[in-house]
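Enquirer: Before anything else, here's the structure in question.
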Ligand code: MRU
């Protein structure tokens, strides 16, 4: 694998780039200190990048996996039985980080495409075109959601507002532009943002390392605070919205997202703030009846034990669940590219997914 430093900071952050030959992923573990792009040439390298969180954020994981299949097909070149030839690559990518449902979604799209291609002369070229199209349509969805979310913020109040966000649901977590940060970008462009309050998001610090970095690049006014300051800030400041992304949305509207999201939804309800979840329909899993049925991803407890360069030895075991479930009844609105769902429930989610929904 080749390491390459980008010298130019682009106005719009790109976590995923198809170079024409390789998949270039921004190593998000090194941000904001270093901007290093790592070239990926095969599906195994892409699966490792997902497992190690070099690339993270549900839509970005799905897009990277789709390119992983395209890379695998190119290495194979020709086959009389493409499904068997790619079976191990599909399996390895699928198990890399299953909590982000966009991973399964993107691989399903690639599998469907493959099935329609049997007998085609250029399967690798067609699978690459499919991956590029998943990537491009994610950016398009983000722009649509940005506009829909911004309109909701404007409907509530025309003056600039304080908005809280959690984790990183920005350009880095997606094909580009972002889900929650897409809404914040659009709201800022419309003059609706006073200050964005960023939860640092322990233990991975996606808030302080990634969201703060993205907002600073676009000069969107923001303040960083520890996660445990959220209640105090909601009580003492005029914050109107909490806007977050999602890793998986259940058929009843429950939302699985980075640990701490549930706490923010409870706090928002208590303090009378609105709670918005922004996620493309590829994040909605109608096969999951309720959020509690999903297995919550647990990561290595070591992630908790570093304080700066010092490793703490707490003398007790550490426990590191990294996602939680926010019940639908704590959510004011789910924004998707297909439309918005206010006060989500099973019927409204089913309407949205069957295209009957109008916004
Ligand atoms: O563990 P991470 O960093 O992949 O968690 C990501 C999040 O929780 C994001 O907020 C979520 O994936 C939405 S990404 C648009």
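Every residue, even glycine, has its Cβ placed from backbone N, Cα and C.
Annotations for this protein, taken from TrEMBL, read as follows:
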ACT_SITE  247  active site, proton donor
BINDING   56, 57, 58, 97, 206, 257, 258  substrate binding site
SITE      167  site 'Transition state stabilizer'
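I'd like these features described in context: how deep, what's nearby, how far apart.
Expert: Cβ contacts within 10 Å of residue 247 (active site, proton donor), excluding its own Cβ and spanning all protein chains shown: 30.
Using a 10 Å Cβ-Cβ cutoff, residue 257 (substrate binding site) registers 28 neighbours.
The DSSP secondary structure for residue 167 (site 'Transition state stabilizer') is coil. Less than 8 angstroms from the CB of residue 167 (site 'Transition state stabilizer') sit 173, 199, 201, 206, 207, 211, 244, 245, 257, 258, 260, 261, each of them six or more residues away in the same chain.
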Enquirer: Apart from 56, 57, 58, 97, 206, 257, 258, which residues in this chain have a Cβ no more than 8 Å from the mean position of the Cβ atoms of those residues at the substrate site?
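Expert: These residues sit around the substrate site: 61, 100, 167, 168, 169, 173, 245, 247.
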Enquirer: Where does residue 257 (substrate binding site) sit in DSSP terms: helix, strand, or coil?
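Expert: The three-state answer is strand.
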Enquirer: For residue 56 (substrate binding site), just count the other CB atoms lying within 10 A of its CB, please.
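Expert: The Cβ of residue 56 (substrate binding site) has 25 Cβ neighbours within 10 Å.
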Enquirer: Can you check which residue among the binding-site residues 97, 258 has the largest number of Cβ atoms within 10 Å of its own?
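Expert: Per the Cβ count within 10 Å, the most buried is 258.
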Enquirer: Between residue 56 (substrate binding site) and residue 247 (active site, proton donor), find the distance joining the two CA atoms and give it rounded to the nearest Å.
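Expert: Answer for this pair: 10 Å between alpha carbons.
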Enquirer: With every protein chain in view, what's the tally of Cβ atoms within 10 Å of the Cβ of residue 57 (substrate binding site), excluding that atom itself?
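Expert: Looking across every protein chain shown, the total is 30.
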Enquirer: Among the binding-site residues listed here (57, 58, 97), which has the Cα closest to the Cα of residue 247 (active site, proton donor)?
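Expert: Checking each of 57, 58, 97 against residue 247 (active site, proton donor), the shortest Cα distance is to 58.
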